[in-house]
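Participant: Would you mind keeping the following structure in view while I ask a few things?
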Amino acid sequence: MERRHRQRERPLGIVVQKYGGSSVATAEHIKAVAGKIQRARKAGLDLVVVASAMGKTTDRLLRLAGEVSSDPSPREIDQLLATGEEQSVALLAMALHDRGVPAVSLTGPQAGMRATGRYGSGVISEIRPGRIRRLLGEGRVVIVAGFQGMNALGDVMTLGRGGSDTTAVALAAALGADRCEIYTDVDGVYTADPRIVPGARRIPVISYAEMSEMAWRGAKVMHPRAVELGALYGVEIHVLSSFDEESPGTIITGGEKVEHLETRETVAGIVHDTDVARITLNGVRTGPGTLSKVFTPLAERGISVDVIVESGIKEGVADIAFTVSRADFAEARSAAGEVARALGGSVEGEEGLAKVSVVGTGMLNRPGYAARMFSALGSEGIPIRMVSTSEIQVTCVIPAERVQEAVRRLHRDFELEEREDV
Ligand code: ADP
Ligand code: ASP
Ligand code: MG
């Protein structure tokens, strides 16, 4: 069998396929994925497959870590979480062997994925694809554990929640693949999370810019860094359903395939994120350099800050508020508390918040989108705590318990259900 594969005709090209947690949730799912891979291979493609951990395995492992330790070490958490993906790839290889498909599974480190940064949010620094290429050359399907790489110490690091998408797109870039297919439990990118807005519409083609903004703002169907890599290396990403083979899904791309990018009058979608906490420094002495005093200690701890508002500036005293993810809340609050006290003020924090965003290049240079958003939220009686805008998005921070209402109302008010021009 090996010989025959080695002597194959020139392959049509490399395709990277990624299967998310719900696509490999059970043994039955894994067998179904093996069937899909076998069919794709019969079409003459060289396949590299990235798999996530089965179902909710990553959540379960995180809970277990919390049960054995009140403060588990980040290195050990990564060591633990990486096993989730390692199980999936080995099982998928076995299911392929059962079908007579030559397949081999690799952990991230075995596949040449190098990572750097903080445990739990590593970034891919380099890919050494030699081994994958050799295995493809032997006619094998190569199955790579998503969401992990090896750091300079030789330790395994994970890439942040949802990071298997990034593994897949990075591999597609490194291998010069024709495209990267992301198989998930919805049949594409929608104008809002279809689990919250039943009338949401599938977007057939979306630009990297819009998708990147949607992903950063919380549309978890794609990991934001995966979209950025796609844009950077020109990897076309197809978001497809693992369960519905008929749907054409969504193509994330750039250039001429995305029509009317600047003249389109509508927004692309409504996005929400419930992983939001706010920290406010009240009554701090302000002047040149104050913001740097507040945010440098956070940056040094690797904490990302999102919406920032400085307000109530009077006689050299101001309030400074910003948002962070819940995981960073305690650390950010204590760091901000030290700065606030040094500047004669106090600190206050609030969890239980959410962000809702209107995203789209349709907003470029057109005023009025923010006002429309405020009036939609206002007429629903939803309080807006903070606002941030850029040329292709407006984001409001609101109470988390109102987020579903907000998304539905905005989806309706921005006429995303009726639109004809996608
Ligand atoms: P996977 O495990 O395959 O990586 P995820 O759970 O990470 O899947 O992402 C798929 C989920 O993303 C969907 O089930 C859906 O609820 C959610 N989602 C959020 N926003 C959107 C959107 N705009 N379009 C499609 N899905 C979305
Ligand atoms: N298993 C990881 C997570 O649940 C990575 C991924 O699924 O992309 O976040
Ligand atoms: Mg995902």
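Backbone N, Cα and C atoms are what each Cβ position is placed from, and that goes for glycine too.
Sharing the features that TrEMBL gives for it:
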BINDING   Lys18, Tyr19, Gly20, Gly21, Thr184, Asp185, Tyr190, Arg195, Lys220, Val221  ATP binding site
BINDING   Thr58, Glu85  substrate binding site
DOMAIN    279-350  domain 'ACT'
DOMAIN    358-422  domain 'ACT'
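Quick one: how deep are these features, and who are their neighbours?
Facilitator: Long-range Cβ proximity for Tyr190 (ATP binding site), meaning a same-chain Cβ under 8 A and a gap of 6 or more residues, is found for Val197, Ala200, Arg201, Arg202, Ile203, Val221, Gly269.
According to its DSSP assignment, Glu85 (substrate binding site) is helical. Cβ environment of Glu85 (substrate binding site): Ala51, Ser52, Ala53, Thr107, Gly108, Ala145, Gly146, Phe147, Gln148, Ser164 lie under 8 Å away, each six or more residues apart in the same chain.
According to DSSP, the secondary structure content of the domain 'ACT' (279-350) in residues is 28 helix, 27 strand, 17 coil.
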Participant: Taking helix as H, G and I and strand as E and B in DSSP, count the residues of the domain 'ACT' (358-422) in helix, strand and coil.
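Facilitator: Helix/strand/coil tally for the domain 'ACT' (358-422): 28 helix, 14 strand, 23 coil.
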Participant: Given a 10 Å Cβ-Cβ cut-off, pick out the one of the binding-site residues Lys18, Lys220 that has the most other Cβ atoms nearby.
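Facilitator: Output for this query is Lys18.
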Participant: Under a three-state reading of DSSP, tell me whether Lys18 (ATP binding site) is helix, strand or coil.
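Facilitator: The three-state answer is strand.
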Participant: Using a Cβ cut-off of under 6 Å to any atom of ligand 1, determine which of the binding-site residues Lys18, Gly20, Thr58, Glu85, Thr184, Lys220 qualify.
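Facilitator: If the test is a Cβ under 6 Å from any atom of ligand 1, the answer is Gly20, Thr184, Lys220.
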